[in-house]
Amino acid sequence: MSFDLSDAQWAGFSIVVLGIVLLLATVVRRYVPLFASLFIPTSVIAGFVILLIGPQLLGVWTDTDGAIPGEVLAIWATLPGLLINVVFAAVMLGKKLPKPAQIWRASAPHVIFGSALSFGQFALGALAVALILTPFFGVTDLAGSIIELSFAGGHGTIAGMGPLLAEAGASELIDLGLGLATISMVTGIVGGSLLVRWAVKNPRIQLARTTPLTGKEAHDLNNAGVDPSERDAEPDNRGMGPVTVALMCIALAIAAAIGLLEAFRFVANLFGSDVFDSFPLFPFAVIGGYLVQLAATAIKQDHFIEKRSVNGISAISLDVLIATAIGTMGLATLGANVPVLVVFTILAVAWSVIALIVFGPRIHGRDWFEHAIADFGQSQGNVATGFVLADMVDPQRRTNAANAYGYKQLGYEPFLGGGLITAFSVPLIIAWGSLTFGLVSLGLAVGFLACGMWRRRALDRAASPQAAARA
């Protein structure tokens, strides 16, 4: 099948084909109960549908190019690196911004615990590369940060880092990272739901939720992070629909991010450094979103930015990002690196589970599981996965876990899980090597854990005399 289309027509046609693929994935999820019971997102299924009917599987089996034109796949391959900017720009838009002190009090345990999880992923990945994977499997030293890029960062982070990895001579890490990010989507949702089920049955853990989790519940990544009271809000839009306002603000946030990145490049070039020349845009998009929300709040126009509409645009972007990232990843690279995938997956999942059980209660304190499971989700997927797991364990939002986790993104996302430190990890490994990078990351992970536990003990000690005085 061949079409004589212009570039613009191919772009439009690729959207049509993607819509059909998402419909097929929706049908599969509806009629295969296992996927719904495991809360597997439709976008993940769509990605595997693309692989199945594309040139890498159907094409090989039938000795053809598959059922999807190469021009469409080429367009899809570029989308994740672009759409990650939309997803990151939307993180802080539409959120009410309390005073910084209030934000810190609510989000501090999440920022500290999330940072410990990320630096632990850096440490485990880098030390595994330096001590096992490079000597015995010939893996490039640059793979030292791939766990954090893939698990805490996700498909968009890997895609956004693609040019930097390719320039560093490690383009094979893009497909490896996309494979790990796909695994993390499953381990985050499936593993997280299993942990919620375990916690509900554990008499030693007090939860807001007391009823067992069932596969019939609707926990949707597309509604993640939206408070139930916000979902039907209709602000005065002054001639623009709320979705148009949200799109405008996301565009402004990305424009601000471009300005920030160009400013950093200009300053770095003045000092003879090219460190920002290949630096990705998306880490600055979170900051751009915060600046737009801050400006709207300052001029008392923030009520026009409806969180439900912002999340709608972000959700579409995330679904397309995940589907196209999975659908265009190279299976040959993954097949040649199965032992590496297994090692990284075991390390990433084991670390997040152990940290949740051992350090979660020592850092979060009251309602620790509701709070820590959200951080677990982010370390195993993305921001939305954390919100989904928080809603699983506290569907009525009786605790402030979802709210505090949302404010966490102000102090966490600009730096880790796809932020500036995540983006700098590859240049740092080039400069230091994985062993040194791993040891430094290990020290930082231990430091954050110690800080979090010390802070919790200090708060508990301060609260004890007050409780005794009231008694």
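Heads up, the Cβ atoms here are built off N, Cα and C, so glycines get one too.
The model shown is predicted, which means the values in this text are computed figures rather than measured ones.
Cβ atoms under 8 Å from those of the transmembrane segment (12-28) belong to residues 3, 5, 35, 42-43, 45-46, 49-50, 68, 71-72, 75-76, 319-320, 323-324, 327 of the same chain, restricted to positions at least 6 beyond its ends. The annotation transmembrane segment is assigned in TrEMBL to 12-28 (among others).
Residues or ranges marked as transmembrane segment by TrEMBL: 35-53 (among others).
Under the heading transmembrane segment, TrEMBL lists 73-91 (among others).
Per TrEMBL, the feature transmembrane segment maps to 111-133 (among others).
Summarising the annotation, TrEMBL assigns transmembrane segment to 178-200 (among others).
Residues or ranges marked as region 'Disordered' by TrEMBL: 218-237.
According to TrEMBL, the compositional bias 'Basic and acidic residues' annotation covers 228-237.
The transmembrane segment annotation in TrEMBL covers 240-261 (among others).
Annotation source TrEMBL lists transmembrane segment at 281-299 (among others). Tertiary neighbourhood of the transmembrane segment (281-299): same-chain residues 84-95, 97, 156-157, 160, 249-250, 252-258, 260-261, 305, 409-410, 413-414, 418-420, 422-423, selected by CB-CB distance under 8 Å and a gap of 6+ residues from either end.
Residues or ranges marked as transmembrane segment in TrEMBL: 311-332 (among others).
Annotation source TrEMBL lists transmembrane segment at 338-359 (among others).
Counting only same-chain residues 6+ beyond the ends of the transmembrane segment (410-430), those with a CB under 8 A from a CB of the stretch are 84, 88, 91-92, 103-104, 107, 110-111, 114-115, 118-119, 122, 126, 141-142, 144-145, 148-149, 152-154, 156-157, 160-161, 164-165, 168, 275, 279-280, 282-283, 286-287, 290, 378-379, 382-383, 437. The transmembrane segment feature in TrEMBL is assigned to 410-430 (among others).
As annotated by TrEMBL, transmembrane segment applies to 436-454 (among others). Residues of the same chain lying 6 or more positions beyond the ends of the transmembrane segment (436-454) and with a Cβ under 8 Å from any Cβ of it are 109, 112-113, 115-116, 119-120, 122-127, 129-130, 144-145, 359, 362-363, 425, 428-429.
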Could you tell me whether the transmembrane segment (178-200) and the transmembrane segment (35-53) have 3+ CB pairs under 8 A, leaving out pairs under 6 positions apart? yes
Answer yes if the transmembrane segment (311-332) and the transmembrane segment (178-200) have at least three CB pairs under 8 Å among residue pairs 6 or more apart in sequence, and no otherwise. yes
Per the Cβ filter (under 8 Å) with a sequence gap of at least 6 from its ends, the transmembrane segment (178-200) is approached by 38-41, 44, 47, 146-147, 150-151, 153-155, 157-159, 207, 209-213, 322, 325-326, 329, 333-334, 337, 341, 344-345, 348-349, 353, 356, 369, 373, 376-377, 379-382, 385, 388-389, 392-393
